[in-house]
Amino acid sequence: MSLLPRTTSVKPGEKFDVIIVGLGPAAYGAALYSARYMLKTLVIGETPGGQLTEAGIVDDYLGLIEIQASDMIKVFNKHIEKYEVPVLLDIVEKIENRGDEFVVKTKRKGEFKADSVILGIGVKRRKLGVPGEQEFAGRGISYCSVCDAPLFKNRVVAVIGGGDSALEGAEILSSYSTKVYLIHRRDTFKGQQPIYVETVKKKPNVEFVLNSVVKEIKGDKVVKQVVVENLKTGEIKELNVNGVFIEIGFDPPTDFAKSNGIETDTNGYIKVDEWMRTSVPGVFAAGDCTSAWLGFRQVITAVAQGAVAATSAYRYVTEKKGKK
Ligand SMILES: Cc1cc2nc3c(=O)[nH]c(=O)nc-3n(C[C@H](O)[C@H](O)[C@H](O)COP(=O)(O)OP(=O)(O)OC[C@H]3O[C@@H](n4cnc5c(N)ncnc54)[C@H](O)[C@@H]3O)c2cc1C
């Protein structure tokens, strides 16, 4: 089993019943169901596995007990390969609505046509936006504790954020690094799983730096310090660190949606109804990129929404063909 799905050569200009954009859990769920509905399907995605490439052990997907996220990606690939779903590793830049069909334009492999489109484009990691962040990217700054913690063995690190990812990151890093500063702008944690806060509090090498924000990341060739401001006292201090983990959440693909004429909700997620229909007839969306299911964003919900979106695409395409 492979981490990369079997890719297929498709000719630019070729027409499909459905093009699925993305290659995370939502896209895999949509691909499986589209293939089972015998829709002519093409999947175009950038990173096989999506956010799963950053996860460690997943233990909340029914039937796959304590599975490594990388093994989960392999199982997903194997399942869609069984149905011979063509996959292109590429980035979709534009979806043009020509009224009677969609033209999906990619960065590298040209354009493809489809009667319907399913978006499973997920979310992107949020940036801090402070001086030094760009400069030291890849030189001591990481956005994924799960992926990069082993690189900071016996070093001093700072984790920035107050959600589950930051807490999970601090816990993982505490077993590699000599010291972990957990820098959070509040003195309470909004993590969905309170157990993380309790676990991290018990780690002797984790120091909580609360009510504080990072103003700057400094260094020479690599990161050396973070400059932190206490929001209550105004005190500014510099912490000596070798690594900075920015775990401050994710941004939805608002610009992508808007530039393709697709409505978003007030938080910028793609607006969908219970059948995963977007504001554009023939375009469906699933997974973390959507406003669905009160924002409950997990692998199991993304896959399920992908299946629902494929069902809607099937109904849409069949009805459209029936009218011809
Ligand atoms: C560190 C970490 C740990 C996690 N642990 C768990 C866990 O234990 N259990 C759990 O249920 N969930 C977990 N999650 C959440 C889970 O991974 C997500 O809910 C899930 O991956 C969402 O799937 P998705 O397909 O909607 O989006 P994503 O996984 O974000 O995938 C989106 C895909 O779309 C592609 N894409 C985006 N734009 C384009 C474009 N324009 N053209 C082509 N491709 C594009 C991306 O490259 C990517 O392949 C974790 C997440 C993280 C970050």
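In case you wondered, yes, glycine gets a Cβ from its N, Cα and C as well.
Keep in mind the model is a prediction, meaning the values are calculated, not measured.
Over the domain 'FAD/NAD(P)-binding' (16-306) the predicted model carries a mean pLDDT of 94. The domain 'FAD/NAD(P)-binding' feature in TrEMBL is assigned to 16-306.
For Leu23, Ala26, Thr47, Gln51, Val92, Asp288, the entry in TrEMBL reads NADP(+) 1 binding site. On its own chain, Gln51 (NADP(+) 1 binding site) has Gly24, Gly122, Val123, Asp288 as residues at least 6 apart in sequence with a Cβ closer than 8 Å to its own Cβ.
Following the DSSP three-state reduction, the secondary structure of Gln51 (NADP(+) 1 binding site) is helix. Taken from TrEMBL, the feature NAD(+) binding site covers Leu23, Ala26, Thr47, Gln51, Val92, Asp288.
Remark: Val92 (NADP(+) 1 binding site) has Val21, Ile44, Val104, Lys105, Thr106, Lys107, Ile121 as non-local neighbours, by Cβ distance under 8 Å and separation of at least 6 in sequence. If you look up TrEMBL, you'll see Leu23, Ala26, Thr47, Gln51, Asp60, Val92, Val123, Asp288, Val299 marked as FAD binding site.
Within 10 Å of the Cβ of Arg297 (NADP(+) 3 binding site) there are 20 other Cβ atoms, across all protein chains. Residues or ranges marked as NADP(+) 3 binding site in TrEMBL: Arg126, Ser165, Arg185, Arg186, Lys190, Tyr196, Arg297.
When secondary structure is read from DSSP and collapsed to three states, Asp164 (NADP(+) 2 binding site) falls in the helix class. According to TrEMBL, the feature NADP(+) 2 binding site maps to Arg126, Asp164, Ser165, Arg185, Arg186, Lys190, Tyr196.
According to DSSP, Cys147 (disulfide bond) is assigned to a helical segment. Taking all protein chains in view, 14 other C-beta atoms sit within 10 angstroms of the C-beta of Cys147 (disulfide bond). Taken from TrEMBL, the feature disulfide bond covers Cys144-Cys147.
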Out of the binding-site residues I have (Arg126, Lys190, Tyr196), which ones have their Cβ sitting under 6 Å from ligand 1?
none
Work through the binding-site residues one by one (Ala26, Arg185, Val299) and name whichever has its CA nearest to the CA of Cys147 (disulfide bond).
Val299
Around Leu23 (NADP(+) 1 binding site), how many other C-beta atoms are within 10 angstroms of its C-beta?
31
Cβ-based isolation winner (fewest other Cβ atoms within 10 Å) among the binding-site residues Asp60, Asp164, Asp288:
Asp60
Reduced to three states, what secondary structure does DSSP give Asp288 (NADP(+) 1 binding site)?
helix
Relative to the Cβ position of Thr47 (NADP(+) 1 binding site), how many further Cβ atoms are located within 10 Å?
16
Sort out for me which one of Ala26, Val123, Val299 has the most neighbouring CB atoms within 10 A, since those are the binding-site residues we care about.
Ala26
